[in-house]
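A short worksheet on the structure shown next.
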Amino acid sequence: MHFNKDSLYANPLGEIAAFKFDESVVNVFPDMIRRSVPGYGAIISAIGMLAGRFSRADSLCYDLGCSLGAATLAMRERIAAENCSIVAVDSSESMITRFKRNLDSGGAGAEVRVVCADIREIAIERASVVVLNFTLQFIPLEDRASLLAKIYQGMLPGGVLILSEKLRFDDPRQQALQVDMHQQFKKMQGYSDLEISQKRTALEDVLLPESFTVHQKRLLEAGFASAEIWFQYFNFASMIALK
Ligand SMILES: C[S@@+](CC[C@H](N)C(=O)[O-])C[C@H]1O[C@@H](n2cnc3c(N)ncnc32)[C@H](O)[C@@H]1O
Ligand SMILES: O=C(O)C(=O)C[C@]1(C(=O)O)C=C[C@@H](O)C=C1
């Protein structure tokens, strides 16, 4: 994997284009996500642990919005069930091309199928584990309920959905505090005020965070028996929904 340092927003940009998962982001992605999402590494390893526990024989594990496959690779290491493979899906061709190239260089464990597609358009079937690791936040608000309902319907009884998201808070003081602490986290990771503010502009209208209450309500409406937060670090959280 390439570990180029993310300096995409380091210089003043005249016009700030909407954030896209293109070639320039792919080149710096592992560094960008690790320095932008507090707790990212902990979440990736827990996804591996959960896949080890919930994966079933003759089932599929889905990594939806897989990017360069960090969650897929963590799951692949831990899946011991017979005839259980991983379907990794992303709509960014640049991400998928790079992920396939990295995957070709080897590694043991569950079989992995890498697919370039829109997750709103693929079939979900025989799923024991489904991962949406910081992906749902990029799906238009009006499409989120139907996507979650499709996932629920494609899951086997006893299956798990791991949903990680940037959260927003209804209380204005909480919202201001948590956003501010996240910015402080980014500064401690070496991002400048300019980088932080230009990235914030690029993500506006692209990354749409919702509150935990909204996520939980929608998961229950999709059919899940329960949905709880298992990890939170400021305004970034990961939820477990059980079928
Ligand atoms: C923040 S990244 C996900 C990080 C990744 N899951 C990980 O754990 O490293 C969001 C990803 O979702 C993908 N994405 C956004 N909308 C999508 C859609 N409708 N269908 C498929 N992938 C999508 C983007 O291309 C991007 O790679
Ligand atoms: O909120 C931010 O400042 C972020 O950079 C978050 C975030 C994400 O949550 O996906 C946005 C885009 C990149 O993929 C990496 C991190």
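A Cβ is built for glycine as well, from the same backbone N, Cα and C atoms used for every other residue.
Copied over from TrEMBL, here are the features:
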BINDING   Tyr40, Gly65, Cys66, Ser67, Asp118, Ile119, Asn133, Arg200  S-adenosyl-L-methionine binding site
DOMAIN    63-159  domain 'Methyltransferase'
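This view paints the features noted in TrEMBL onto the structure.
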residue	record	Cβ contacts under 8 Å, 6 or more apart
Tyr40	S-adenosyl-L-methionine binding site	Ile33, Arg34
Gly65	S-adenosyl-L-methionine binding site	Val89, Asp90, Ser91, Ile119, Leu132, Asn133, Phe134, Thr135, Leu136, Phe138
Cys66	S-adenosyl-L-methionine binding site	Thr72, Ala88, Val89, Asp90, Met95, Phe99, Val114
Ser67	S-adenosyl-L-methionine binding site	Phe21, Phe29, Ile33, Asp90, Ser92, Met95, Phe99
Asp118	S-adenosyl-L-methionine binding site	Ser91
Arg200	S-adenosyl-L-methionine binding site	none
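With respect to ligand 1, the binding-site residues Tyr40, Ile119, Arg200 contribute Ile119 as residues with a C-beta closer than 6 angstroms to one of its atoms, given in sequence order.
Mapped onto three states, the DSSP output places Asp118 (S-adenosyl-L-methionine binding site) in coil. Site extent for S-adenosyl-L-methionine: among the recorded binding residues Tyr40, Gly65, Cys66, Ser67, Asp118, Ile119, Asn133, Arg200, the largest C-alpha separation is 25 Å.
Here the domain 'Methyltransferase' (63-159) has a mean pLDDT of 96 out of 100.
All chains included, 23 other C-beta atoms sit within 10 angstroms of the C-beta of Ile119 (S-adenosyl-L-methionine binding site).
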